[in-house]
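Asks: First the structure, then my questions, so here it is.
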Amino acid sequence: MSTSEAATVIPVYDVAPGQGAPSKAPAAAPPSAAAAAPAAAATTTAPRKFPMRFFRRSDRGSRCMAFLDFLLRIAAFGPALAAAIATGTSDETLSVFTEFFQFRARFDEFPAFLFLMVASAIAAGYLLLSLPFSAVVVLRPQTTVLRLLLLVCDTIMLGLLTAGAAAAAAIVDLAHSGNERANWVPICMQFHGFCRRTSGAVVASFLSVFIFVLLVVLAAFSIRKR
């Protein structure tokens, strides 16, 4: 062999007879790469947290009161609408002796009943229109402007409906009992249907008045708490 030719090196392994040459051991990963792998896995698997603006734990009590306000408005809508319908359909004709000699009792002949029907219809329409605003307060209980607006409107509706219910209640009592000093005889002994409808309308309107009182108190307490 000449000195100019490169020498060929044949590796020799110390293995037992019948076994093949051992495989090469895997190269160890650099420390920086090994440390970066768990960090990357933690970064990809960690859940992302989004800020919850509309649903905060601190607003839980305010949201419950706002939801109660929404339910009370639905509950007040039924009696107000029933009072308006019952008053508007109060009409009865009483025949005496012949068909040509009749007595008639109609709601528009009594200003108090006409006022009750208009007030109940306005209150029912207001309650229906206020439901979307109340729903917004449920979703965003931190808003104070809508609460204050609803409080002012509820107070106005409370005064209007109370006046109509009180005026109609006085006429209903006079129709049932009469007045001996003024020589006013009770008419409910003859006009049973008319008195029944007007009495039911007065009861329904006072029920709506009571719910409006709860709405005003609840709204005032919520604003004071904020």
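Backbone N, Cα and C define each Cβ position, glycine as well.
What Swiss-Prot lists as topological domain 'Cytoplasmic' is 1-64, 134-147, 222-226. Look at Swiss-Prot and you will find 65-85, 113-133, 148-168, 201-221 tagged as transmembrane segment, backed by sequence analysis. The topological domain 'Extracellular' annotation in Swiss-Prot covers 86-112, 169-200 and is backed by sequence analysis.
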Asks: Take the topological domain 'Cytoplasmic' (222-226) and count its residues per DSSP category (helix H/G/I, strand E/B, coil), listing them in that order.
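Replies: Breakdown, helix to coil: 4 helix, 0 strand, 1 coil.
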Asks: For the topological domain 'Extracellular' (169-200), give me same-chain residues lying six or more residues beyond its boundaries with a C-beta closer than 8 angstroms to one of its C-beta atoms, as numbers and ranges.
Replies: 82, 86-87, 89-92, 94, 103, 105, 107, 110, 112-113, 206
Asks: Where DSSP helix means H, G or I and strand means E or B, what are the helix, strand and coil counts for the topological domain 'Cytoplasmic' (134-147)?
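Replies: Summed over the topological domain 'Cytoplasmic' (134-147), the classes give 9 helix, 0 strand, 5 coil.
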Asks: Looking only at the topological domain 'Extracellular' (86-112), what is the model's average confidence as pLDDT?
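Replies: Its mean pLDDT is 77.
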